[in-house]
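Chemist: Annotations for this protein, taken from TrEMBL, read as follows:
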- 136-272: domain 'Fatty acid hydroxylase' (DOMAIN)
- 453-615: domain 'Very-long-chain aldehyde decarbonylase CER1-like C-terminal' (DOMAIN)
- 99-116: transmembrane segment (TRANSMEM)
- 128-145: transmembrane segment (TRANSMEM)
- 182-211: transmembrane segment (TRANSMEM)
- 331-352: transmembrane segment (TRANSMEM)
Amino acid sequence: MATRPGPLTEWPWQRMGNFKYLVMAPVVVHGAYRVMNKGWGDIDLAYSLILPSLALRMIHNQIWIGLSRYQTARSKHRIVDRGIEFDQVDRERGWDDQIVFNGLLFYVGYLAMPSVRRFPLWRTDGAVATALLHAGPVEFLYYWFHRALHHHFLYSRYHSHHHASIVTEPITSVIHPFGEHIVYFTLFAIPMLSTVYMGNGSALVFVLYIVYIDFMNNMGHCNFELAPKWMFQVFPPLKYLMYTPSFHSPHHTQFRTNYSLFMPFYDYIYSTMDKASDELYESSLKGTEETPDLVHLTHMTNLQSAYHLRVGFASIASKPSDNSEWYMWTLWPLAWLSMVVAWIYGSSAFVVERIKLKKMKMQTWVVPRYNFQYGLTWDRESINDLIEKAILDADVRGVKVLSLGLLNQAKQLNGNGELFGQKCPKLGVRIVDGSGLATGVVLKSIPSDAKQVFLHTGTSKVARAIAMALCGRGIQVIMNRKKEYDVLKSQMPEDGASYLKCSSNDITKIWLVEKIDDKEQRMAPRGTVFIPISQFPLKKVRKDCTYLSTPAMKIPDTMQNIHSCENWLPRRVMSAWHIAGILHVLEGWSVHECGDDMMDPEKAWSAAIRHGFVPLTKA
């Protein structure tokens, strides 16, 4: 929202949420009526392109969003080295409002101008006229309107909303109050209406002109330089006819320069060209190599998780993954296709995010595999190969620590990461499975006055450490599976063994669980507190019980570039396994934490608190 919102700030359908697409219902109903009464032959070319062109624009913009975020995470050509936060994602959530608005106006124009219904597919003279009218009146009028928007009166009421985004993304280009978009559409309508009245308009020219506007808008608001230098060397005047991201970026940092739309020559004419633009272009192309201190290696979970990555849908990634939108079900075919492509062609982990904590640099890499694939015995070797390749790549790049997230450290897969330490004994990068901090977080979430807990789990590394710690404190740990009890009993120190009990009759209201089905949950007494000890959340079956989060903590306010949720966790909450890798770097711990080796839970917990991580629950 602008600092002092003026009239026509809000979009007419702002309170409709995702139901705003219903405003396009008249277009659909009108088309259906015509087809039912006169057949498909009654649908002319111009009308038939209205809805498909809107879908094309949304796909076009979404591709830019994904590519831009991927490049920003991995590229060395970033222009502004700052992060994006949740407030920007929320502010830019309605990037498709202008597409819906344009669609309605195109429909109204179609009804109001009968000549449009006789449009041919293509007119070369109309294309030339459109290009000239854009370079002339549109660019000229936009320049002066843009300068007017930077007057304090209009800026505070309208344009400050757009400039709230210092670090721009492609969709930042269309984040303006409704009133501004009315003017922008009026300007862009000049070439289209002119060709209609001149009689040389054509359907394809209209579509291509809108595609050009979207392309230039998206490209110019990327936070990395992608226009190659050879283009300007081959045709030097191009620098006056096409802006680049490094030309527009100073406008979001300096505010009083580089006002032009897509063609910078008006800034040259009126002396508003930022003198540092050329230097910024050169330095952005050259870039700065960056080696992260930490790599967190995770993977995709269910099929929809591909959309939840930062490089997927920005608004969806900004919410916990278990709060998916209803329309995600319509994307299931695409989700299946992406899974198959990743399975066949995914030969290495890819970067999805970069985070900063003071001077510490972090990246998240994703193994192109899903939960169910980790359960396939015959696919384990290939998955371990992908993990090993990521570890070796991080080692070559000089990464200090690589933390294994989710199933990348499964005992059945690679023995909690021990396999890689054995295969690569001379690794410089430290491998961390995060079990020490995860154990510490679980222990701290158990009420301090607890006398007994029920351990409904196997003998995993974290489960074993929790049981030993609790028994060592004199807290009774109850298990109901004899086989797992016997295994754990044999590993229990003598001074705590008496506190481990196997029983099916004892009732306690604190359940430590890894995996539990619906039937077993219903066996718990009313008021039970379910505490997950694995990285995966529990299915909430009981309304009369309390379900705690998977082991996680709130991150410090100083951690930057956090604008997506880590899987099912809330905003600005990070899993204990991820945080453990961060602590290894911050504390300078030089040991691996994998296999049977584990950091002392109390030491890991104290380090987390000292560095500003905050517990989700109080014991």
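Glycine too: its Cβ is placed from the backbone N, Cα and C atoms.
Predicted, not measured: the structure shown is a model, and the values here were computed from it.
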Chemist: Using a Cβ cut-off under 8 Å, which residues of the same chain at least 6 positions beyond either end of the transmembrane segment (182-211) come close to it?
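Modeler: 8, 45-46, 49, 53, 56-57, 60, 98, 101-102, 105, 113, 115-116, 119-123, 125-127, 129-131, 133-134, 137-138, 141-142, 145, 176.
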Chemist: Please report, as numbers and ranges, the same-chain residues at least 6 past the borders of the transmembrane segment (128-145) whose CB is under 8 Å from any CB of it.
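Modeler: Result: 183-184, 187-188, 190-192, 194-195, 198, 200, 205, 209, 241, 259-263, 266-267, 270.
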Chemist: For a three-state summary based on DSSP, what are the helix, strand and coil counts in the domain 'Fatty acid hydroxylase' (136-272)?
Modeler: 94 helix, 1 strand, 42 coil
